[in-house]
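Colleague: One structure follows; several queries about it will come next.
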Amino acid sequence: MNHAITMGIFWHLIGAASAACFYAPFKKVKHWSWETMWSVGGIVSWLILPWAISATLLPDFWAYYRSFNASTLLPVFLFGAMWGIGNINYGLTMRYLGMSMGIGIAIGITLIVGTLMTPIINGQFSVLMHTQGGQMTLLGVLVAVIGVGIVTRAGQLKERKMGIKAEEFNLKKGLLLAVMCGIFSAGMSFAMNAAKPMHDAAAALGVDPLYAALPSYVVIMGGGALVNLGFCFIRLAKVKNLSVKADFSLAKPLIISNLLLSALGGLMWYLQFFFYAWGHASIPAQYDYMSWMLHMSFYVLCGGLVGLVLKEWNNAGRRPVSVLSLGCVVIIIAANIVGLGMAS
């Protein structure tokens, strides 16, 4: 496995670790509605940071975006909005299926759809099926899905042991939402594929290849922001017990604390895709579709490890922790299989 591929896998791991931790600051926000908190974090992660970093990287910010026609920008924006719909469905999936089953089904589906649909759309799938490297990377996807399934099983054992149940368990509704969440969340992978002309244009302007994908986030995350912020603003306007005015009528120190914590959560959310761009740039072009598989499987891996560090599994017993450990090992094996496949 060469150095570039190793670093690509490493950067995806760092990005996934940030994704697994980003909600921790949000949990410390007090006396704010989820909608206000999520909006503040979202404005930082989907609007301020993509625009600020792109303005820093590009020699002429507006000229860069004006150089693309609508046929290039619209699919990128719409795939970003597609991801935004999946993001909203994610929370509803947890509500009706519980954390473990919801995460397992939604992440498993988005891993498969987001990874495999890209080479199918690009007409590369048959080539992958008939080359040694392609076969190994596809095997890595299968092993990763198995690893996600094992971690999901560990979560179910933990929830059963600790008496944790879904807020409003509804298998039929939950499964439908999990499938929708898995498919729509893959929009981020499709958006990155559609944004390749934007990446190439940024590189042609002298932007370092590691950063070349970042200017496309203005459009991708703009689509996601439209859906997420629209959802939050509509609820804040229509739901009687939600009030932005009330949220900002708290004591000034608490408002400042909530703003900083929400902004920190937004920063950590953005960093997952900052490092995703680095990992994506380090992987051979013919295997760039594997970025999504690495990100999502490492997300599950890091989520399990973060749970152990935060002692969320302390009262779960030995068996759930053993199953979790096995799942984490399987995901690590999957990443190595993918790395060897890309290097062959």
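The count begins at 1 with the first shown residue.
For all residues, glycine too, the Cβ spot is worked out from N, Cα and C.
Straight from Swiss-Prot, here's the annotation block:
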| type | residues | note |
| --- | --- | --- |
| TRANSMEM | 4-24 | transmembrane segment |
| TRANSMEM | 38-58 | transmembrane segment |
| TRANSMEM | 72-92 | transmembrane segment |
| TRANSMEM | 101-121 | transmembrane segment |
| TRANSMEM | 131-151 | transmembrane segment |
| TRANSMEM | 175-195 | transmembrane segment |
| TRANSMEM | 214-234 | transmembrane segment |
| TRANSMEM | 259-279 | transmembrane segment |
| TRANSMEM | 290-310 | transmembrane segment |
| TRANSMEM | 323-343 | transmembrane segment |
Colleague: For the transmembrane segment (4-24), name the stretch out of 72-92, 131-151, 175-195, 259-279, 290-310 with the most CB-CB pairs under 8 Å.
Modeller: 259-279
Colleague: Which one, 38-58, 101-121, 175-195, 214-234, has the most C-beta pairs under 8 Å toward the transmembrane segment (290-310)?
Modeller: 101-121
Colleague: Between the transmembrane segment (38-58) and the transmembrane segment (131-151), are there three or more C-beta pairs closer than 8 Å, counting only pairs 6 or more apart along the chain?
Modeller: no
Colleague: Under 8 angstroms for C-beta pairs, at least 3 of them, ignoring pairs fewer than 6 apart in sequence. Is the transmembrane segment (131-151) in contact with the transmembrane segment (259-279) by that rule?
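Modeller: No, the transmembrane segment (131-151) and the transmembrane segment (259-279) are not in contact.
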Colleague: Between the stretches 72-92, 101-121, 175-195, 259-279, which one has more Cβ pairs under 8 Å with the transmembrane segment (214-234) than any other?
Modeller: 72-92
Colleague: Count, for each of 72-92, 175-195, 259-279, the Cβ pairs lying under 8 Å from the transmembrane segment (101-121), and report the range with the highest count.
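Modeller: Comparing 72-92, 175-195, 259-279 against the transmembrane segment (101-121), the winner is 175-195.
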